[in-house]
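Q: Take this structure, written in structure tokens, and hold onto it; I'll ask about it next.
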Amino acid sequence: MFAPRLLDFQKTKYARFMNHRVPAHKRYQPTEYEHAANCATHAFWIIPSILGSSNLYFLSDDDWETISAWIYGLGLCGLFVVSTVFHTISWKKSHLRMVEHCLHMFDRMVIYFFIAASYAPWLNLRELGPWASHMRWLVWIMASVGTIYVFFFHERTGSCVQFLRGEACPKAGTACLPARYKLVELLCYVVMGFFPALVILSMPNTEGIWELVTGGVFYCLGMVFFKSDGRIPFAHAIWHLFVAFGAGTHYYAIWRYLYLPSTLQTKVSK
């Protein structure tokens, strides 16, 4: 967040690519350029994610590998598909307020399940200690809790039913997007992203650890841009790219260290 302070893009020729920053309790409205970039930067990865997920499925040797490939693939593809659909509707059909709101909620919810799905192959296919094995189901509880939080606190102070009916906030003049809820949501993503990693790092087999760390660094760097709408042009699209780089690095680790070795040694593909 320090970089934007060093350079005020609103005073440069790049100002036309972004709107002014809004208060923390309001949602930033992207420019037409930013809308297009937000859609393209995740739409581009839909086909590769489908192909990559299919590759893991065909490399699977047993039921656990197959199940893990399905879980991870659905989480990976779901992330890019839901994000692309939401940003497209937000750009071209913003007058469909209820549809846009629901898709925005799904866009936030799917992140929790993507995080859980990204850990699934490691937790299902690697040897775990007695206490660490509980993380297999704990990570899904965390994703469910995050989803419930989004449902009740995303972009409103009034009830979900009131918002979806198009009714005004119960208190005129109050913010419908409390800043504290956005901060808690971001902290939830960070905690859920790092907490299961403690188990991964404690596994006897440490192959793939550096790739996992590298992917995590991409996500962390991307968060700088995630919170920089109105400060940096195309900030959200840049965040999308960091997500794609992080996901790609983690995919490589899963493919290389959980699926490829057994393929080279033992089997014929399905």
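Backbone N, Cα and C define each Cβ position, glycine as well.
The topological domain 'Cytoplasmic' annotation in Swiss-Prot covers 1-38, 87-102, 154-182, 227-233. Summarising the annotation, Swiss-Prot assigns transmembrane segment to 39-59, 66-86, 103-123, 133-153, 183-203, 206-226, 234-254 and lists sequence analysis as the type of evidence. For 60-65, 124-132, 255-270, the entry in Swiss-Prot reads topological domain 'Lumenal'.
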Q: Across the whole of the topological domain 'Lumenal' (124-132), what does the mean pLDDT come to? Round it, please.
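A: Per the prediction, mean pLDDT sits at 83 for the topological domain 'Lumenal' (124-132).
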Q: Spell out yes or no: are there three or more C-beta pairs under 8 angstroms between the transmembrane segment (206-226) and the transmembrane segment (234-254), with each pair 6 or more apart in sequence?
A: yes
Q: Could you tell me whether the transmembrane segment (66-86) and the transmembrane segment (234-254) are in contact, taking contact to mean 3+ Cβ pairs under 8 Å with a sequence separation of 6 or more?
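A: They are in contact.
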Q: Determine how many residues of the topological domain 'Cytoplasmic' (227-233) DSSP places in helix, in strand and in coil.
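A: Reading the DSSP string over the topological domain 'Cytoplasmic' (227-233) gives 0 helix, 0 strand, 7 coil.
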Q: What are the DSSP helix/strand/coil residue counts across the topological domain 'Lumenal' (124-132)?
A: 3 helix, 0 strand, 6 coil
